[in-house]
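S.K.: Annotations for this protein, taken from Swiss-Prot, read as follows:
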SIGNAL    1-22  signal peptide
BINDING   51, 154, 199, 200, 344, 417, 467, 474, 475, 483  beta-D-glucoside binding site
CARBOHYD  68  N-linked glycosylation site
ACT_SITE  200  active site, proton donor
DISULFID  219-227  disulfide bond
CARBOHYD  374  N-linked glycosylation site
ACT_SITE  417  active site, nucleophile
CARBOHYD  425  N-linked glycosylation site
(Lines of atoms letter the chains of each structure in order from A; the text may use other names.)
(Lines give C-alpha, C1' and ligand atoms only; values in the text may rest on other atoms or scores of the structure.)
Protein backbone atom coordinates (compact mmCIF):
# COMPACT_ATOMS: atom_id res chain seq x y z
CA UNK A 1 0.00 0.00 0.00
CA UNK A 2 2.88 2.34 0.79
CA UNK A 3 4.33 1.91 -2.69
CA UNK A 4 0.96 2.71 -4.25
CA UNK A 5 0.69 5.90 -2.20
CA UNK A 6 4.20 6.95 -3.20
CA UNK A 7 3.38 6.21 -6.85
CA UNK A 8 0.21 8.27 -6.60
CA UNK A 9 2.10 11.25 -5.20
CA UNK A 10 4.80 10.95 -7.90
CA UNK A 11 2.18 10.72 -10.65
CA UNK A 12 0.32 13.81 -9.45
CA UNK A 13 3.58 15.74 -9.10
CA UNK A 14 4.71 14.76 -12.60
CA UNK A 15 1.31 15.68 -14.00
CA UNK A 16 1.33 19.05 -12.27
CA UNK A 17 4.88 19.84 -13.42
CA UNK A 18 4.15 18.77 -16.98
CA UNK A 19 1.00 20.85 -17.04
CA UNK A 20 2.91 23.83 -15.73
CA UNK A 21 5.35 23.45 -18.63
CA UNK A 22 2.43 23.67 -21.06
CA UNK A 23 2.63 20.04 -22.10
CA UNK A 24 0.27 17.10 -21.85
CA UNK A 25 1.28 13.91 -20.09
CA UNK A 26 3.68 11.61 -21.93
CA UNK A 27 1.28 8.74 -21.36
CA UNK A 28 -2.22 8.86 -22.70
CA UNK A 29 -5.64 7.36 -22.19
CA UNK A 30 -5.88 6.85 -25.95
CA UNK A 31 -4.47 3.59 -27.34
CA UNK A 32 -1.82 5.39 -29.36
CA UNK A 33 -0.40 8.88 -29.85
CA UNK A 34 2.82 10.66 -30.76
CA UNK A 35 4.42 9.65 -27.47
CA UNK A 36 3.84 5.96 -28.14
CA UNK A 37 6.84 6.22 -30.47
CA UNK A 38 10.52 6.88 -29.70
CA UNK A 39 11.77 10.43 -29.06
CA UNK A 40 12.44 12.37 -32.27
CA UNK A 41 10.33 9.96 -34.32
CA UNK A 42 9.44 11.80 -37.51
CA UNK A 43 5.80 12.15 -38.63
CA UNK A 44 5.03 13.72 -41.97
CA UNK A 45 3.03 13.82 -45.19
CA UNK A 46 4.29 13.01 -48.68
CA UNK A 47 3.85 14.41 -52.18
CA UNK A 48 5.61 14.53 -55.55
CA UNK A 49 6.30 17.24 -58.11
CA UNK A 50 4.25 16.06 -61.08
CA UNK A 51 1.30 14.97 -58.96
CA UNK A 52 1.12 18.29 -57.10
CA UNK A 53 2.77 21.27 -58.72
CA UNK A 54 0.98 21.93 -61.99
CA UNK A 55 2.33 25.04 -63.75
CA UNK A 56 3.90 22.80 -66.37
CA UNK A 57 4.56 25.66 -68.78
CA UNK A 58 5.45 28.28 -66.17
CA UNK A 59 8.71 29.35 -64.61
CA UNK A 60 11.00 27.96 -67.30
CA UNK A 61 10.02 24.32 -66.84
CA UNK A 62 10.42 21.95 -69.79
CA UNK A 63 8.22 18.90 -70.50
CA UNK A 64 8.85 15.66 -68.61
CA UNK A 65 8.00 12.15 -69.76
CA UNK A 66 4.72 12.41 -67.85
CA UNK A 67 3.71 15.52 -69.78
CA UNK A 68 4.35 13.64 -72.98
CA UNK A 69 2.66 10.43 -71.80
CA UNK A 70 -0.54 12.07 -70.57
CA UNK A 71 -0.95 14.17 -73.70
CA UNK A 72 0.05 11.50 -76.22
CA UNK A 73 -2.03 8.77 -74.58
CA UNK A 74 -4.79 10.46 -72.53
CA UNK A 75 -6.85 7.26 -72.50
CA UNK A 76 -4.10 5.66 -70.42
CA UNK A 77 -4.47 8.19 -67.59
CA UNK A 78 -8.26 8.42 -67.31
CA UNK A 79 -8.18 11.39 -69.74
CA UNK A 80 -6.45 13.40 -66.99
CA UNK A 81 -3.02 15.04 -66.70
CA UNK A 82 -0.86 17.06 -64.34
CA UNK A 83 -0.98 20.35 -66.25
CA UNK A 84 -2.63 22.00 -63.26
CA UNK A 85 -2.63 19.09 -60.81
CA UNK A 86 -3.53 20.59 -57.41
CA UNK A 87 -1.73 23.86 -58.23
CA UNK A 88 0.81 23.47 -55.44
CA UNK A 89 3.20 25.69 -57.41
CA UNK A 90 0.99 28.69 -56.65
CA UNK A 91 -0.59 27.53 -53.37
CA UNK A 92 2.33 26.02 -51.46
CA UNK A 93 2.23 28.62 -48.70
CA UNK A 94 -1.39 27.85 -47.88
CA UNK A 95 -0.76 24.11 -48.13
CA UNK A 96 2.16 24.36 -45.73
CA UNK A 97 -0.25 25.89 -43.23
CA UNK A 98 -2.35 22.73 -43.54
CA UNK A 99 0.69 20.61 -42.71
CA UNK A 100 1.43 22.76 -39.69
CA UNK A 101 -2.21 22.63 -38.61
CA UNK A 102 -1.96 18.83 -38.36
CA UNK A 103 1.14 19.06 -36.12
CA UNK A 104 3.26 17.22 -38.68
CA UNK A 105 7.04 17.31 -38.35
CA UNK A 106 8.09 16.92 -41.98
CA UNK A 107 7.00 17.31 -45.58
CA UNK A 108 8.30 14.94 -48.22
CA UNK A 109 8.37 16.40 -51.73
CA UNK A 110 10.29 15.80 -54.94
CA UNK A 111 12.27 18.09 -57.20
CA UNK A 112 11.14 18.45 -60.79
CA UNK A 113 14.28 17.75 -62.83
CA UNK A 114 12.82 19.58 -65.83
CA UNK A 115 12.02 22.63 -63.69
CA UNK A 116 15.63 22.91 -62.52
CA UNK A 117 17.53 21.68 -65.60
CA UNK A 118 15.19 22.03 -68.59
CA UNK A 119 17.45 20.06 -70.94
CA UNK A 120 18.25 17.53 -68.24
CA UNK A 121 21.93 18.41 -68.45
CA UNK A 122 23.80 20.69 -66.08
CA UNK A 123 26.15 21.70 -68.89
CA UNK A 124 23.23 23.27 -70.80
CA UNK A 125 22.39 25.68 -68.03
CA UNK A 126 20.21 26.09 -64.97
CA UNK A 127 16.70 27.49 -64.74
CA UNK A 128 17.12 30.02 -61.94
CA UNK A 129 13.38 30.53 -61.57
CA UNK A 130 12.90 26.83 -60.89
CA UNK A 131 15.71 26.78 -58.35
CA UNK A 132 14.22 29.80 -56.60
CA UNK A 133 10.83 28.08 -56.36
CA UNK A 134 12.33 25.22 -54.36
CA UNK A 135 14.38 27.59 -52.22
CA UNK A 136 11.21 29.50 -51.41
CA UNK A 137 9.39 26.24 -50.64
CA UNK A 138 12.16 25.05 -48.33
CA UNK A 139 12.34 28.40 -46.55
CA UNK A 140 8.58 28.46 -46.05
CA UNK A 141 8.64 24.96 -44.55
CA UNK A 142 11.44 25.86 -42.15
CA UNK A 143 9.70 29.10 -41.18
CA UNK A 144 6.69 27.02 -40.16
CA UNK A 145 8.75 24.53 -38.17
CA UNK A 146 8.46 21.76 -40.78
CA UNK A 147 11.47 19.74 -41.90
CA UNK A 148 11.97 19.33 -45.68
CA UNK A 149 12.45 15.71 -46.77
CA UNK A 150 13.57 15.78 -50.41
CA UNK A 151 13.31 13.16 -53.15
CA UNK A 152 15.53 13.97 -56.11
CA UNK A 153 13.69 11.85 -58.67
CA UNK A 154 10.03 10.82 -58.63
CA UNK A 155 9.48 9.42 -62.16
CA UNK A 156 9.49 12.71 -64.13
CA UNK A 157 12.72 12.80 -66.13
CA UNK A 158 12.95 15.60 -68.72
CA UNK A 159 11.56 14.42 -72.05
CA UNK A 160 14.69 15.84 -73.69
CA UNK A 161 16.87 13.12 -72.18
CA UNK A 162 14.57 10.38 -73.34
CA UNK A 163 14.49 11.87 -76.81
CA UNK A 164 18.29 12.09 -76.92
CA UNK A 165 19.37 8.68 -75.64
CA UNK A 166 16.46 6.77 -74.09
CA UNK A 167 16.97 8.07 -70.52
CA UNK A 168 17.40 5.13 -68.11
CA UNK A 169 17.86 2.63 -70.94
CA UNK A 170 21.31 4.16 -71.45
CA UNK A 171 24.27 4.30 -69.05
CA UNK A 172 24.61 7.94 -70.07
CA UNK A 173 21.90 8.67 -67.51
CA UNK A 174 24.33 7.92 -64.68
CA UNK A 175 26.48 11.01 -65.15
CA UNK A 176 23.53 13.26 -65.96
CA UNK A 177 21.81 12.19 -62.75
CA UNK A 178 25.07 12.54 -60.81
CA UNK A 179 25.39 16.13 -62.03
CA UNK A 180 21.75 16.93 -61.26
CA UNK A 181 22.05 15.49 -57.75
CA UNK A 182 25.31 17.32 -57.07
CA UNK A 183 23.72 20.60 -58.11
CA UNK A 184 20.75 19.97 -55.79
CA UNK A 185 23.06 19.20 -52.86
CA UNK A 186 25.00 22.40 -53.47
CA UNK A 187 21.91 24.58 -53.84
CA UNK A 188 19.69 23.13 -51.10
CA UNK A 189 22.03 21.11 -48.89
CA UNK A 190 22.55 23.79 -46.27
CA UNK A 191 18.85 23.65 -45.34
CA UNK A 192 17.87 20.05 -46.17
CA UNK A 193 19.11 17.19 -44.01
CA UNK A 194 16.97 14.31 -45.34
CA UNK A 195 17.38 13.12 -48.92
CA UNK A 196 16.33 10.21 -51.10
CA UNK A 197 17.64 9.60 -54.59
CA UNK A 198 14.83 7.64 -56.25
CA UNK A 199 11.22 6.88 -55.50
CA UNK A 200 10.07 3.29 -56.11
CA UNK A 201 12.51 1.93 -58.70
CA UNK A 202 10.44 -1.26 -58.88
CA UNK A 203 7.30 0.56 -59.98
CA UNK A 204 9.22 2.85 -62.31
CA UNK A 205 10.95 -0.07 -64.04
CA UNK A 206 8.07 -2.54 -64.14
CA UNK A 207 5.12 -0.24 -64.82
CA UNK A 208 7.12 1.84 -67.26
CA UNK A 209 9.00 -0.89 -69.12
CA UNK A 210 7.32 -4.27 -68.47
CA UNK A 211 3.57 -3.53 -68.28
CA UNK A 212 3.65 -0.15 -70.00
CA UNK A 213 0.82 1.28 -67.91
CA UNK A 214 2.85 4.21 -66.56
CA UNK A 215 5.24 6.57 -68.30
CA UNK A 216 7.37 5.91 -70.18
CA UNK A 217 4.86 3.37 -71.44
CA UNK A 218 7.18 0.85 -73.07
CA UNK A 219 6.65 -2.92 -73.20
CA UNK A 220 6.51 -5.87 -75.55
CA UNK A 221 3.61 -5.48 -77.94
CA UNK A 222 2.13 -8.82 -76.87
CA UNK A 223 2.00 -7.62 -73.25
CA UNK A 224 0.09 -4.41 -73.96
CA UNK A 225 -1.09 -3.45 -77.42
CA UNK A 226 -0.96 0.23 -76.45
CA UNK A 227 2.84 0.08 -76.15
CA UNK A 228 4.48 1.45 -79.28
CA UNK A 229 7.88 -0.11 -78.52
CA UNK A 230 9.80 -1.97 -75.84
CA UNK A 231 11.00 -5.33 -74.58
CA UNK A 232 9.42 -6.55 -71.34
CA UNK A 233 12.07 -9.25 -70.99
CA UNK A 234 15.13 -7.00 -70.93
CA UNK A 235 14.28 -3.33 -70.40
CA UNK A 236 13.03 -3.49 -66.78
CA UNK A 237 16.34 -5.06 -65.73
CA UNK A 238 18.40 -2.58 -67.73
CA UNK A 239 16.52 0.44 -66.41
CA UNK A 240 16.88 -0.66 -62.78
CA UNK A 241 20.55 -1.46 -63.33
CA UNK A 242 21.32 2.03 -64.58
CA UNK A 243 19.09 3.52 -61.89
CA UNK A 244 21.01 1.73 -59.12
CA UNK A 245 24.33 2.94 -60.52
CA UNK A 246 22.93 6.48 -60.76
CA UNK A 247 21.84 6.20 -57.13
CA UNK A 248 25.34 5.17 -56.05
CA UNK A 249 26.86 8.01 -58.07
CA UNK A 250 24.56 10.52 -56.37
CA UNK A 251 25.46 9.17 -52.93
CA UNK A 252 29.15 9.62 -53.78
CA UNK A 253 28.44 13.28 -54.53
CA UNK A 254 26.38 13.64 -51.36
CA UNK A 255 29.16 12.32 -49.15
CA UNK A 256 31.77 14.72 -50.50
CA UNK A 257 29.59 17.84 -50.79
CA UNK A 258 30.74 20.56 -48.40
CA UNK A 259 27.25 22.10 -48.29
CA UNK A 260 25.78 18.98 -46.66
CA UNK A 261 25.71 19.01 -42.86
CA UNK A 262 27.35 16.16 -40.94
CA UNK A 263 24.04 14.93 -39.59
CA UNK A 264 22.37 14.83 -43.03
CA UNK A 265 21.18 11.44 -44.33
CA UNK A 266 20.51 9.94 -47.75
CA UNK A 267 18.63 6.85 -48.87
CA UNK A 268 16.40 5.35 -51.54
CA UNK A 269 12.65 4.60 -51.44
CA UNK A 270 11.41 1.07 -52.16
CA UNK A 271 7.80 -0.06 -52.48
CA UNK A 272 7.35 -3.70 -51.48
CA UNK A 273 4.09 -5.44 -50.80
CA UNK A 274 3.86 -8.13 -48.16
CA UNK A 275 2.87 -11.60 -49.35
CA UNK A 276 1.04 -14.58 -47.90
CA UNK A 277 0.79 -18.06 -49.46
CA UNK A 278 -2.31 -18.73 -51.55
CA UNK A 279 -2.46 -22.22 -50.04
CA UNK A 280 -1.13 -22.28 -46.49
CA UNK A 281 -0.50 -26.02 -46.77
CA UNK A 282 1.45 -25.80 -50.03
CA UNK A 283 5.24 -25.80 -49.78
CA UNK A 284 5.52 -24.41 -53.30
CA UNK A 285 3.28 -21.48 -52.36
CA UNK A 286 5.40 -20.82 -49.27
CA UNK A 287 8.47 -20.78 -51.49
CA UNK A 288 6.57 -18.43 -53.80
CA UNK A 289 6.27 -15.94 -50.92
CA UNK A 290 10.04 -15.84 -50.51
CA UNK A 291 10.52 -15.50 -54.26
CA UNK A 292 8.03 -12.63 -54.38
CA UNK A 293 9.94 -10.84 -51.63
CA UNK A 294 13.24 -11.38 -53.44
CA UNK A 295 11.88 -9.77 -56.61
CA UNK A 296 9.99 -6.99 -54.80
CA UNK A 297 12.69 -6.07 -52.29
CA UNK A 298 15.91 -7.91 -53.03
CA UNK A 299 16.15 -6.76 -56.65
CA UNK A 300 17.05 -3.26 -55.44
CA UNK A 301 18.05 -3.71 -51.80
CA UNK A 302 20.49 -6.63 -52.15
CA UNK A 303 22.91 -4.63 -54.34
CA UNK A 304 22.91 -1.84 -51.75
CA UNK A 305 23.52 -4.17 -48.81
CA UNK A 306 25.54 -7.01 -50.35
CA UNK A 307 26.83 -5.52 -53.60
CA UNK A 308 25.01 -7.80 -56.04
CA UNK A 309 21.64 -9.04 -57.22
CA UNK A 310 20.00 -12.02 -55.45
CA UNK A 311 20.97 -15.42 -56.85
CA UNK A 312 17.31 -16.19 -57.54
CA UNK A 313 17.02 -13.30 -59.99
CA UNK A 314 20.42 -13.98 -61.56
CA UNK A 315 19.44 -17.59 -62.21
CA UNK A 316 15.98 -16.77 -63.53
CA UNK A 317 16.85 -13.85 -65.79
CA UNK A 318 20.20 -15.20 -66.97
CA UNK A 319 21.98 -12.98 -69.48
CA UNK A 320 18.99 -10.62 -69.62
CA UNK A 321 20.14 -9.28 -66.24
CA UNK A 322 23.15 -6.94 -66.48
CA UNK A 323 26.03 -7.61 -64.09
CA UNK A 324 28.04 -5.26 -61.90
CA UNK A 325 31.79 -4.84 -62.17
CA UNK A 326 33.79 -5.23 -58.97
CA UNK A 327 34.18 -1.46 -58.79
CA UNK A 328 30.45 -0.90 -59.26
CA UNK A 329 29.66 -3.48 -56.60
CA UNK A 330 31.89 -1.69 -54.10
CA UNK A 331 30.31 1.65 -54.99
CA UNK A 332 26.81 0.25 -54.47
CA UNK A 333 27.44 -1.53 -51.18
CA UNK A 334 26.39 0.59 -48.18
CA UNK A 335 25.39 3.50 -50.44
CA UNK A 336 22.61 4.53 -48.07
CA UNK A 337 22.06 5.84 -44.56
CA UNK A 338 18.45 4.67 -44.46
CA UNK A 339 15.89 2.88 -46.60
CA UNK A 340 12.51 4.43 -47.34
CA UNK A 341 9.64 1.96 -47.46
CA UNK A 342 6.35 2.77 -49.17
CA UNK A 343 3.93 0.19 -47.79
CA UNK A 344 0.28 0.05 -48.75
CA UNK A 345 -1.00 -3.48 -49.05
CA UNK A 346 -0.42 -7.23 -49.43
CA UNK A 347 -1.24 -10.04 -51.83
CA UNK A 348 -1.58 -13.80 -51.83
CA UNK A 349 0.88 -15.56 -54.12
CA UNK A 350 0.96 -19.00 -55.66
CA UNK A 351 3.67 -20.78 -57.60
CA UNK A 352 2.99 -20.47 -61.33
CA UNK A 353 3.64 -23.68 -63.24
CA UNK A 354 2.49 -22.35 -66.60
CA UNK A 355 5.00 -19.79 -67.85
CA UNK A 356 5.53 -19.32 -71.57
CA UNK A 357 9.33 -19.41 -71.81
CA UNK A 358 9.19 -18.33 -75.44
CA UNK A 359 7.90 -14.93 -74.34
CA UNK A 360 10.13 -13.80 -71.47
CA UNK A 361 9.13 -10.79 -69.42
CA UNK A 362 10.01 -9.55 -65.95
CA UNK A 363 6.62 -10.38 -64.45
CA UNK A 364 6.61 -14.02 -65.58
CA UNK A 365 10.27 -14.46 -64.60
CA UNK A 366 8.99 -14.54 -61.03
CA UNK A 367 6.93 -17.71 -61.67
CA UNK A 368 4.19 -16.27 -59.48
CA UNK A 369 0.47 -15.72 -59.58
CA UNK A 370 -0.62 -12.69 -57.56
CA UNK A 371 -4.09 -13.17 -56.09
CA UNK A 372 -6.62 -11.10 -54.15
CA UNK A 373 -8.06 -14.13 -52.35
CA UNK A 374 -6.56 -17.29 -50.91
CA UNK A 375 -7.56 -20.84 -51.72
CA UNK A 376 -10.53 -20.59 -49.34
CA UNK A 377 -11.80 -17.47 -51.10
CA UNK A 378 -10.86 -15.10 -48.27
CA UNK A 379 -9.58 -11.64 -49.09
CA UNK A 380 -6.27 -10.46 -47.64
CA UNK A 381 -8.41 -7.83 -45.89
CA UNK A 382 -11.90 -7.58 -44.48
CA UNK A 383 -12.30 -4.63 -46.85
CA UNK A 384 -13.97 -6.39 -49.77
CA UNK A 385 -15.04 -3.32 -51.74
CA UNK A 386 -14.49 -4.17 -55.38
CA UNK A 387 -13.58 -0.56 -56.20
CA UNK A 388 -10.51 -0.63 -53.97
CA UNK A 389 -7.08 -0.47 -55.58
CA UNK A 390 -5.30 -1.34 -52.36
CA UNK A 391 -6.43 -3.67 -49.60
CA UNK A 392 -5.71 -2.91 -45.96
CA UNK A 393 -3.40 -5.46 -44.30
CA UNK A 394 -1.66 -3.76 -41.35
CA UNK A 395 -0.07 -6.99 -40.14
CA UNK A 396 1.88 -7.02 -43.38
CA UNK A 397 3.76 -3.87 -42.40
CA UNK A 398 5.08 -5.47 -39.22
CA UNK A 399 5.95 -8.69 -41.03
CA UNK A 400 7.71 -6.76 -43.79
CA UNK A 401 9.80 -4.74 -41.34
CA UNK A 402 10.86 -7.89 -39.52
CA UNK A 403 11.76 -9.56 -42.81
CA UNK A 404 14.00 -6.62 -43.75
CA UNK A 405 15.50 -6.53 -40.26
CA UNK A 406 16.43 -10.20 -40.35
CA UNK A 407 17.56 -10.46 -43.98
CA UNK A 408 19.22 -7.08 -44.54
CA UNK A 409 21.00 -6.35 -41.24
CA UNK A 410 18.28 -4.20 -39.63
CA UNK A 411 18.84 -0.98 -41.60
CA UNK A 412 17.44 2.35 -40.50
CA UNK A 413 14.01 2.68 -42.11
CA UNK A 414 11.53 5.45 -42.72
CA UNK A 415 7.99 4.60 -43.76
CA UNK A 416 8.00 7.16 -46.56
CA UNK A 417 4.44 6.42 -47.73
CA UNK A 418 1.43 4.67 -46.25
CA UNK A 419 -2.07 5.51 -47.38
CA UNK A 420 -5.65 4.58 -48.16
CA UNK A 421 -7.50 5.12 -51.42
CA UNK A 422 -11.07 6.15 -52.17
CA UNK A 423 -12.23 5.49 -55.70
CA UNK A 424 -14.59 8.25 -56.79
CA UNK A 425 -17.14 6.81 -59.19
CA UNK A 426 -19.67 9.62 -58.80
CA UNK A 427 -21.90 7.79 -56.33
CA UNK A 428 -20.30 9.20 -53.16
CA UNK A 429 -20.88 12.75 -51.95
CA UNK A 430 -18.18 15.11 -50.78
CA UNK A 431 -19.59 14.91 -47.28
CA UNK A 432 -19.28 11.12 -47.26
CA UNK A 433 -15.69 11.28 -48.46
CA UNK A 434 -14.80 13.86 -45.82
CA UNK A 435 -16.27 11.62 -43.09
CA UNK A 436 -13.30 9.37 -43.86
CA UNK A 437 -13.80 6.68 -41.20
CA UNK A 438 -11.98 3.96 -43.12
CA UNK A 439 -8.88 6.07 -43.70
CA UNK A 440 -8.67 6.80 -39.98
CA UNK A 441 -8.96 3.09 -39.23
CA UNK A 442 -6.33 2.32 -41.86
CA UNK A 443 -3.73 4.67 -40.38
CA UNK A 444 -4.56 3.79 -36.80
CA UNK A 445 -4.17 0.07 -37.48
CA UNK A 446 -0.93 0.50 -39.40
CA UNK A 447 0.51 2.74 -36.70
CA UNK A 448 -0.34 0.12 -34.10
CA UNK A 449 1.54 -2.54 -36.07
CA UNK A 450 4.43 -0.14 -36.64
CA UNK A 451 4.67 0.64 -32.94
CA UNK A 452 4.84 -3.07 -32.13
CA UNK A 453 7.53 -3.62 -34.76
CA UNK A 454 9.63 -0.92 -33.10
CA UNK A 455 9.03 -1.56 -29.41
CA UNK A 456 8.54 -5.34 -29.37
CA UNK A 457 10.56 -6.54 -32.36
CA UNK A 458 13.44 -4.07 -32.43
CA UNK A 459 12.90 -2.83 -35.98
CA UNK A 460 14.92 0.34 -36.55
CA UNK A 461 12.20 2.65 -37.88
CA UNK A 462 12.63 6.41 -37.50
CA UNK A 463 9.62 7.96 -39.22
CA UNK A 464 6.19 7.60 -40.78
CA UNK A 465 4.79 9.60 -43.71
CA UNK A 466 1.21 9.41 -44.93
CA UNK A 467 0.31 9.46 -48.58
CA UNK A 468 -0.87 12.06 -49.04
CA UNK A 469 -1.43 15.60 -47.82
CA UNK A 470 -3.93 16.30 -50.63
CA UNK A 471 -5.97 14.36 -53.12
CA UNK A 472 -3.92 14.58 -56.31
CA UNK A 473 -3.13 13.18 -59.75
CA UNK A 474 -2.72 9.43 -59.21
CA UNK A 475 -0.91 8.42 -62.40
CA UNK A 476 -2.90 6.01 -64.61
CA UNK A 477 -5.97 6.55 -62.39
CA UNK A 478 -5.95 10.30 -62.93
CA UNK A 479 -8.06 12.14 -60.36
CA UNK A 480 -10.54 9.30 -59.82
CA UNK A 481 -8.61 7.98 -56.83
CA UNK A 482 -8.27 10.02 -53.63
CA UNK A 483 -5.50 9.44 -51.08
CA UNK A 484 -5.47 12.85 -49.40
CA UNK A 485 -5.99 13.82 -45.80
CA UNK A 486 -7.48 16.93 -47.41
CA UNK A 487 -10.23 16.74 -49.99
CA UNK A 488 -9.56 18.70 -53.17
CA UNK A 489 -12.67 19.95 -54.94
CA UNK A 490 -11.69 19.64 -58.59
CA UNK A 491 -14.93 21.27 -59.74
CA UNK A 492 -14.73 24.34 -57.53
CA UNK A 493 -11.37 26.01 -57.81
CA UNK A 494 -9.32 23.20 -56.23
CA UNK A 495 -10.43 24.28 -52.78
CA UNK A 496 -9.06 22.20 -49.89
CA UNK A 497 -11.29 20.70 -47.19
CA UNK A 498 -10.02 18.81 -44.16
CA UNK A 499 -11.19 15.23 -44.03
CA UNK A 500 -11.76 13.75 -40.59
CA UNK A 501 -8.47 11.89 -41.03
CA UNK A 502 -6.66 15.24 -41.01
CA UNK A 503 -8.39 16.12 -37.76
CA UNK A 504 -7.50 12.69 -36.38
CA UNK A 505 -3.81 13.24 -37.13
CA UNK A 506 -3.94 16.69 -35.56
CA UNK A 507 -5.14 15.09 -32.32
CA UNK A 508 -2.80 12.11 -32.61
CA UNK A 509 0.25 14.35 -33.06
CA UNK A 510 -0.67 17.02 -30.53
CA UNK A 511 2.34 18.10 -28.48
CA UNK A 512 1.02 20.76 -26.17
CA UNK A 513 -1.98 21.95 -24.22
CA UNK A 514 -2.88 21.33 -20.62
CA UNK A 515 -4.43 17.94 -19.86
CA UNK A 516 -8.10 17.95 -19.00
CA UNK A 517 -8.96 16.95 -15.41
CA UNK A 518 -10.68 13.78 -16.60
CA UNK A 519 -7.59 12.78 -18.60
CA UNK A 520 -5.43 13.40 -15.56
CA UNK A 521 -7.74 11.30 -13.38
CA UNK A 522 -7.75 8.42 -15.87
CA UNK A 523 -3.96 8.50 -16.23
CA UNK A 524 -3.48 8.41 -12.45
CA UNK A 525 -6.03 5.59 -12.25
CA UNK A 526 -4.10 3.61 -14.87
CA UNK A 527 -0.83 3.97 -12.97
CA UNK A 528 -2.58 3.13 -9.68
CA UNK A 529 -4.11 -0.05 -11.08
CA UNK A 530 -0.84 -1.17 -12.66
CA UNK A 531 1.09 -1.20 -9.37
CA UNK A 532 0.67 -4.31 -7.18
CA UNK A 533 -0.71 -3.88 -3.67
CA UNK A 534 1.92 -4.24 -0.93
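The first residue you see is number 1, and the count goes up from there.
Using the three backbone atoms N, Cα and C, a Cβ is placed for every residue, glycine included.
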S.K.: If you count other Cβ atoms within 10 Å of each one's Cβ, which of the recorded positions 68, 199, 374, 425 has the most?
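M.R.: Compared across 68, 199, 374, 425, the most Cβ atoms within 10 Å surround 199.
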S.K.: Cβ neighbours within 10 Å, counted over all protein chains: which one of the disulfide-bonded residues 219, 227 has the most?
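M.R.: Selected residue: 219.
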S.K.: Can you tell which of the recorded positions 199, 417, 425, 467 lies nearest to residue 68 (N-linked glycosylation site) in space, using Cα positions?
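M.R.: Checking each of 199, 417, 425, 467 against residue 68 (N-linked glycosylation site), the shortest Cα distance is to 199.
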S.K.: Under 8 Å Cβ-Cβ from residue 475 (beta-D-glucoside binding site), six or more apart in the same chain: what's there?
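M.R.: Set apart from residue 475 (beta-D-glucoside binding site) by at least 6 residues yet with Cβ under 8 Å, we have 51, 77, 214.
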S.K.: So which recorded positions out of 200, 219, 374, 417, 425 end up within 10 angstroms of residue 344 (beta-D-glucoside binding site), measuring C-alpha to C-alpha?
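M.R.: Those close enough are 417.
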S.K.: Could you check what DSSP calls residue 199 (beta-D-glucoside binding site) once collapsed to helix, strand or coil?
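M.R.: Strand, per DSSP.
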S.K.: Which one is it, among the recorded positions 219, 374, 417, that lies nearest to the residue listed as 'active site, proton donor' by Cα separation?
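M.R.: If we rank 219, 374, 417 by Cα distance to the residue listed as 'active site, proton donor', first place goes to 417.
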S.K.: For residue 417 (active site, nucleophile) and residue 467 (beta-D-glucoside binding site), what Cα-Cα distance in Å is obtained after rounding to a whole number?
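M.R.: Cα-Cα, rounded: 5 Å.
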